[in-house]
Structure formats: structure tokens, C-alpha cells
Amino acid sequence: MLYSGLCQVLEITDTNNFSCSSYFWKRTFASRELVQNHLPNCFALKNLDYGSEDITIMGDGLAFISTGLKFPGMPSSDATGKIFSLDMTDPRMKPVELRMPRNFDLESFNPHGISVYIDPSDYAIYLFVVNHPQHKSQVELFQYVEDDHSLVHLKTIKHELLRSVNDILAVGVDSFYATNDRYFTNAFLKSWLEPLLSQPWTNVVYYSPEEVKVVSEGYYFANGINISPDKRHIYVADLFDHNVHVLERKEDNTLVSVKAVAVNSLCDNVEVDAESGDLWLGCHPNAWKAIMFDPKDPPGSEVIQIQNIHSDQPVVTRVYEDDGHVIIGSSVAATYGGKLLIGTVFHKALCCDLN
């Protein structure tokens, strides 16, 4: 195996006297047997055949979906990246491709994490999209035009601290938090060596036109990020540490650790129910299968709900589990009106009834 060979070349062992490949094997839950725990009335959403890596739903039920992500080491198609909208109040549940501006480079559009910000002064809707053209990292800022289902591109944001952005959390018309999931920028180092070393080198960055700074660090693989309904706390999923971190947001936009909640899975994106404050996570129950992808033995999917996360005893529930025969590589879960959307890195998207 490739990882085992790298371990031998680098002569890496961990402090507990087992090989680094064994250590990585355990971190990815490679020996975990997947089970079936399905929900009623699940069906695949149309037009989303090439992934639905991130989904976010506004208070009125309008969802935005990023699709077509080409992620190093993962299967992908030649389809260009796209953004879809979905009206969760419409019983047809039909995703609509958003029309992109002509002055935008669609050929290299490689969308990853997304976040929506509604300007309270005029209710304009801004969509922030993590983009990886040529596998680099930058953030695209769009304004959503509801009348003709289109996006107006406002600007591209690049910065040396935004070196390997995974997910994004908009907190203003041009300000946001972002997770860096890798320390290295070299394709080989970040895709193979860094996961193998498995060191807490990744971080969270705050960006605004006035300042850009690291506001939280020490993550093994900082992934999904979101905010509590009262805007006081921020949640970060650490994929390889199997935890969701609760952070308090300060007036200077720095983040202070409050606690970590164990989820016993490799969780990707984080969505927050605006009414209950519950967290919903799309997770990879056996990430080894995702990394060493075999279509005959595909990686499974898992949806986890966290209730009462700020209490002394948060409730962690596995709401949905599949061994890969229905849906492969879940990356996000979002709810609205008793329905659950499950998105994936490169596979289809599901809609299921929760009630």
C-alpha cells in the first residue's frame, strides 16, 4: 500500500510503537464495518450527479448547493463546477442551476465550501464560494439575483493565509471566517504526506478588508465551519480528530476554545438549525475507503445530529447511515421543514423525510 511504503521511506513511527500507516489506518476508521440506518421516503435530487459538496439553507427555505468539486485523490468528472438553488417549500424539489456571469472563468470554476450572508440594511443576498482553480485557493464573492436565478460576480479574494481553504463562514458583506484544511500547498505533500504525519497544523482564518489573521489553530484537519443562531459561538469540525470544536467569538473576531464534542466519525461540513440550534453534519464513517476508492467497495455515508451542544451532556445521534450502496461519501447534511438534504463530495444528493 502507498501509505505503508511512505512510512518505510520516512522511517516514521508514533510514540506508541506502532507504524505510522497503522496510526493513519486507525484515524480513518479503516476497519469500521458500515451499517444500514435509512430514513423514509429518500430520493435522489435531479441534476446533481457530480457531487453536492456543500449545502446551506436560508431561513425562508432557499438552499444553495455547490457541485462539481474536483478534489485531489477523489473521483471526479469533466463537468464544470456549478451552483444550484433549491426551494425547499416547493413540493417538486427541483434544483435550478444558477446563471453565472459572462465575465467569470467557468472553465476553471471548482467550488468547495459555500456560505450566505444577508445584508440587514437592504436584504441583499451575498454568496461566498471557496474556489480551487488549478487546485489553488481563493474565495469568490457573488450577489444572488432572485428574479432571474443568477449570480453577479463582485470580486475574487486571495491572501497568503488562505492557502488551503475548505469551508467558509460569511459574517459580513465582505468579511468571513475560513478553515485551512492543510498546512502544505504542494500537491504531493498535502495530499499524501501531511495526512500520514497527522499533525495539528491547520487553522481558522478571519478575513476582512481591514485585517486578515489566524484566529484559531491546532487542528488536524480543519473542515466545516458554522455559527450559532445567536452569533456568539462558532463550530469547527476537525475531520481527523473526530471532534466538533465549540469556540466563543470575541469582539476583535478572535476565537476562544470552549470545548470539543466527540462524534466518533470523520465529519465534514457543519450546518446549524436556525430554530433549535442543533448541528447537522455530513460525515465519512470509513474515510480509508474514500481515500483508496474502489467502486466495488465504495465509501459509505453518515449523518450526525448534535443537540444541546452547549450543555454538559450534548446528545450525539446517528440519524442516517449507509454502506455506500445508496449514497457515497456524504459531506453535508442540512434540514428544513422536516426534510433532510444529504450532499456528497462527488456522488448524488438525497432528500429524505425526518418525520
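Quick reminder: no glycine exception, Cβ is built from N, Cα and C everywhere.
Model, not experiment: these values are computed from the prediction.
Copied over from TrEMBL, here are the features:
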- His112: active site, proton acceptor (ACT_SITE)
- Glu53, Ile114, Asn166, Asp167, Asn223, Asp268, Asn269: Ca(2+) 1 binding site (BINDING)
- Asp54: Ca(2+) 2 binding site (BINDING)
- Cys42-Cys352: disulfide bond (DISULFID)
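TrEMBL feature annotations superimposed on the structure.
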residue: Cys42; record: disulfide bond; CB count, 10 Å: 16
residue: Glu53; record: Ca(2+) 1 binding site; CB count, 10 Å: 31
residue: Asp54; record: Ca(2+) 2 binding site; CB count, 10 Å: 30
residue: His112; record: active site, proton acceptor; CB count, 10 Å: 25
residue: Ile114; record: Ca(2+) 1 binding site; CB count, 10 Å: 24
residue: Asp167; record: Ca(2+) 1 binding site; CB count, 10 Å: 29
residue: Asn223; record: Ca(2+) 1 binding site; CB count, 10 Å: 25
residue: Asp268; record: Ca(2+) 1 binding site; CB count, 10 Å: 29
residue: Asn269; record: Ca(2+) 1 binding site; CB count, 10 Å: 28
residue: Cys352; record: disulfide bond; CB count, 10 Å: 21
Cβ neighbour count within 10 Å of Asn166 (Ca(2+) 1 binding site): 27
Rounded distance in angstrom between the Cα atoms of Asp268 (Ca(2+) 1 binding site) and Cys352 (disulfide bond): 19
Spatially closest candidate among Cys42, His112, Cys352, the listed recorded positions, to Glu53 (Ca(2+) 1 binding site) (Cα to Cα): His112
Cα-proximity to Asn269 (Ca(2+) 1 binding site), 10 Å cut-off, over recorded positions Cys42, Asp54, Cys352: Asp54
Between Ile114 (Ca(2+) 1 binding site) and the residue listed as 'Ca(2+) 2 binding site', the C-alpha gap once rounded to whole angstrom: 6
Cys42, Asn166, Asn223 filtered to the recorded positions whose C-alpha is within 10 Å of the residue listed as 'active site, proton acceptor': Asn166
Beyond the site residues Glu53, Ile114, Asn166, Asp167, Asn223, Asp268, Asn269: chain residues whose C-beta lies within 8 Å of the centroid, for Ca(2+) 1: Asp54, His112, Gly113, Val130, Thr179, Gly224, Ser331, Val332
Cα-Cα distance linking Asn223 (Ca(2+) 1 binding site) and the residue listed as 'Ca(2+) 2 binding site', given in Å to the nearest integer: 11
Cys352 (disulfide bond) to Asp167 (Ca(2+) 1 binding site) - Cα separation in whole Å: 24
Euclidean distance between Cα atoms of Cys42 (disulfide bond) and Asn166 (Ca(2+) 1 binding site), Å: 28
